[in-house]
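Structure, as structure tokens:
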Amino acid sequence: MASSMGRALQPQLGAQRSVRQGASRIRGAQGPRTVPSFGLKALRKEDAELLKEAESYMSPEEHTELRRLLEENQRLRQVVTTSASQMSPQQLERFTAEYKNLAAAAEQAGLAVDQQLKQQITAPQAAASPSRSSSASGTGRFEAAAGASGGYGYGRSSVSVLVAEPPAAPPASAAPPPPPPSFGSGGGSPKGGATAFEVSSRDYAKDMASLSVELDATIDDEEDHDVPPRKAQMLDAREKKQKSAAAGDYGALNGASAADDKAAKEAARAAAIAEVEGHRAADVVAGREHWMIITVPEKPVAGAPLQMYFNRNQSEKLRNRPHIVMQYGFNHWELQPEAGNSVDLFPAPTPKSDVTDFWTCRVQVPEDTYELNFILHDKAGAYENNNGMDFTYPAEAGIDYDTWVDTAAERIVAKELARREAEAKAAEEERKAAAALMEQQAKEFGEKKAAELKNNLSGLQEGGTAALLRNGVPVYKVTPSFPVAGGKAVVAYNRKGGSFNNFPIPEGEAVNLLYGFNGWQQSGKAAMRRVPAAPKPTGAVAGTKPVEDEEWWEVEVQIPNIAVAMNFVFNYYEHYDNNAKADYKVKVGLPAGKTLEAWAAGLSEEYRVMELAKRRAEMAEREEKQRRSDEKKKLAQDLVKAVERRKVRHVLYTVPEVVEAGEEVTIFYNPRDTPLNGRQQLYLMGGWNRWTHKRSFGPVAMHPPEDGGEHWQATVVVPKDAYKMDFVFADVPGGDGTYDNRGGFDYHLPVEGSPVRESPLYVAHIAVEMAPIAKVGGLGDVVTALGRAVKEQGHMVEVILPRYDFFLHSPVLQGQLKYETEFDWGGTRIYVTTAVVENLRVFFIEPKNGFFATPTVYGRYDDEVRFDFFCKAALEFLLKTGRQPDILHCHDWSTAHVAQSYWNDYHSYGLHKPRVIFTIHNLNYGQKKIGEAAHACQKFTTVSPTYAYEVGGAPIIAPHGHKFMGIRNGIDPELWSPEDNIFLPVKYTSETVVEGKKAAREALRQRLNLTGWNDKFIVAVVSRLTGQKGVPLIKHAAYRTVERGGQFVLLGSAPDPKVQADFDALASSMGGQDAAFQFKYDEPLSHLIYAAADMIVVPSMFEPCGLTQMIAMRYGTVPIVRHTGGLRDTVFDVDFDKERAAWELYGSSDWQRDGIDATNGFAFTGTDGGALDYAMNRAIDAWYNDREWFRGLQRRIMEQDWSWNRPAIDYIELYFSALKS
């Protein structure tokens, strides 16, 4: 919409002046605050008398206008009085100067100015001394020339426009104040100053609308806000502001009761309805031919219809336009009509001329309205919107602005509850639809299976026999010889006639029958019992050998109704008698008395029931799995929040610890380690919902610490619709001073129990890697995992990638790619396709210039040119498709060009909304590009706090250090999960880590041909073989592991042929029963290695973050690392890092007091073999000497959370801070 959706209304014919009540918004260094204004109160007695007298000589329109002006006058009077009572001397001085200018302008306009009021306001500023002795009453309230008349008057009018509220009644002993003088061009009033209203009220309104008065007790932040210390009040938000019971204009008039107020509103609505229904359009526009807009009634009435007439010929923008639409809303566009917010206008039955061409429409004004907002347009881009400020008409018989704001929380809560109810209803409908679909599919499945059985009966039974002889010795027999569906059968097995004849079955053990029906459907397993030896079993097969060649086992089996054949084999541990892999089979007959047709019909229903039960069980299992996963995530996220609260407790904490919507919360603040250390007075100021809430709090003067304490405190009430509490601290109540705003991030606390959810961010990652479809290093993992984690927090995340040729062979993308759009740019045609990868929407940029027709991500001579082209093509795609992300997140040198290109070429040309975040994954590559992005972005990060510290002094980073921070990477705990992993022989948890890792070791040894003798410890390395990863130390680890009696496994390869040759030689010399080298990337094998290894070595020379150590801990594998970069941030040495681990992982400042041991590995700092030996030997010694302690360490590290829970929260906060940049 080509509209500001603003509030102000320029004075013009036919448009009424908008009067804003309530709170006005300002924004300071600490965010937006609310400056209270004051609602309408009862008219003064003399004003009411004037209004009553005017009924005799004024038209209804003039009388309505007079009443409005009197109300406005009273409102302005209140503002002056209350504003002056809150002013500091500096503010009062500024107000006085503004008043002088205003009075001069009024006099120049021909308005009479109350000289007494002018003298009192503009008197020498002795009245503005710190004590306010001459400008304040005993209560400290400014009293400005009260009287029955005065202020601005026009002609002989005594209507005051700027007159203070009358002061409180003086003591009985005090002399009454002198009577106010008379003003105006005529004589005095015969009735105590209430003269006849001889001037046109509309002319008076026009003069009034031409003046702009800002009466605000708060000045800009650049001005001083000094308040005398003795005046600083210990404010407490628990002292709730009393609200007027009246609503709207009518409740305020003459102190009318609620019943009278309701009756007055109903009368006004009835009158408005009658006026709308009974008016003639020609009469309405008569004499108003030059007006652009006319309304009936003239002032909108809440709860009644409104007829609007628009003179098309008075609008330069919409003159002669064939279609005109009114787009409207109420209450600053916050209240939208339920039936839609636009209505077509049609030609009115009025005379037409070169001056007049009225079009009209009718709208309904809701009862809870204080103003009508609208614009007009032609559906083709031409707008009449009051010069960009929208049309705004105040309404009567509704509510006032204060009431609207005060009830905002209830409205939002009701709206959110309605949304949730609608979602629940939709979910229930979806569940019912899914259940119906499941029923239908089960029915179709049953019919299909029954038909297949009927048609394939002979094939399924072929080769089935009730007994089998092998070399004259019976192998099995089934009784009865022709079992029937729905009955029972006894299967007997002669061990000596089958494959188990060479070894006896000990007492207490059994042969198992594995069986199924109709080709192994409905399979089962049953333990057979040994049949006592007998001379010859009843029903023995003729021609069999003597009884000594027999050892019978038998079991009874229930035959299901669907069976036409029974398939079975015999099992004893790893041994099987399966008829030389052909399995055994016996025919099953139809139930007695059943025809084939009747049996097939019944079979269809049985299959339907079975299939439906199966599908329901699968769905229940999925739901339960999801529930457990969600519960686990929530526990982890709650722990993250609790740890963060503990970490800042020495500076900040709340009572209660968890902030609840609609409840009180007390903020405790210790300024000792902040910029406010040593200040004598502190103020708390803040807002809600990331400063977007209509209500704010403060500045609140905080209560000083109690004896022996360090924390200042203040209490506020949390709105019911708050989901986030935002605040800062200062040593001044506003303006110049010292602020603690958490380094520009502000303090933010989550609020629980709010029905309102935070508006989601729209984040677009622009990258050249993404796991699993285009993974080269950790960058691809981060793009996917971070995107998923942020999306799980309720935000919208999309990824933009080049469309490489190798995607055509990706099993993940097979059959998924769908056309999105295409456009010409950069001298070529660009096609965009899309798919969902790892639950993220991904867009693929495919230029026809061949830039990404490559088999790999990197490796061409023109990588920089290609990726720069991709960066701008991605921005062009966003622009051309109308997308407006909040955040553009680009990664490493390969998409660093996004930052500069966006600001130079796109921000001012339509793609206006985004802010840019840039992440450095490795500073060793593309430093020039990284430097450009660091300069152009709003915030930039690297992948761990320690790496940020290590590189923070680099010339390309240091100049921008104020917007640089380190956020560690995480891992996807579902992708790397030993609890649900198809690549492991046994799934395990922290409780079953010993059994699970033992099974994994056996499987790994079998796969890599390692010896299982003595169950040696296994040390693993999973890494690219580059200088960064510590190649010499990797070799040293291999030698040391075997030397100490363990087994060494390496998975990885070297891009450098020379390095690869060295490791080939190492594999030739060491490979065998205790060492294995796999020079490739093998995802399934990596899972098995992580699970099987007891220790993993990560000896990097530098490591921005590193994922290997976190993945290993997820599988209970103890990390041995060199303390650098992210390795230091994630691995805490069991001997030296107990204090640091307890603080970082649990927010504990005293691990001994709290009984917390959060250490998780072994570390070293040197770069030689001796340093590595120091860590490895301690780990190996622990494995040898205290196996129980070592297993406990494995359990502990499995339970630590190295997911994206914490980093995602940090990134989301970073995104929001970037939006403020």
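Easy rule for this one: first residue shown is 1, then count along the chain.
Positions of Cβ are set from backbone N, Cα and C atoms, glycine also.
On a predicted model such as this, the values are computed, not experimentally measured, just so you know.
Here TrEMBL flags 412-444 as coiled coil. Long-range Cβ contacts of the coiled coil (412-444) within its own chain (Cβ-Cβ under 8 Å, at least 6 residues beyond either end) map to 608-609, 611-612, 615-616, 619, 720-721, 755-757.
The compositional bias 'Low complexity' annotation in TrEMBL covers 123-137.
Per TrEMBL, compositional bias 'Pro residues' is recorded for 167-182.
Residues annotated as domain 'Carbohydrate binding module family 25' in TrEMBL: 303-396 (among others).
Look at TrEMBL and you will find 487-589 (among others) tagged as domain 'Carbohydrate binding module family 25'. Taking the domain 'Carbohydrate binding module family 25' (487-589) as a whole, pLDDT averages 87 in the prediction.
The annotation domain 'Carbohydrate binding module family 25' is assigned in TrEMBL to 662-752 (among others).
Positions annotated as region 'Disordered' by TrEMBL: 1-36 (among others).
Annotated region 'Disordered' per TrEMBL: 122-142 (among others), in sequence order.
Per TrEMBL, region 'Disordered' is recorded for 167-196 (among others).
The region 'Disordered' annotation in TrEMBL covers 216-246 (among others).
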Counts of helix, strand and coil residues, the domain 'Carbohydrate binding module family 25' (303-396), according to DSSP: 3 helix, 40 strand, 51 coil
For the domain 'Carbohydrate binding module family 25' (487-589), the number of residues DSSP places in helix, strand and coil: 6 helix, 45 strand, 52 coil
Counts of helix, strand and coil residues, the domain 'Carbohydrate binding module family 25' (662-752), according to DSSP: 3 helix, 39 strand, 49 coil
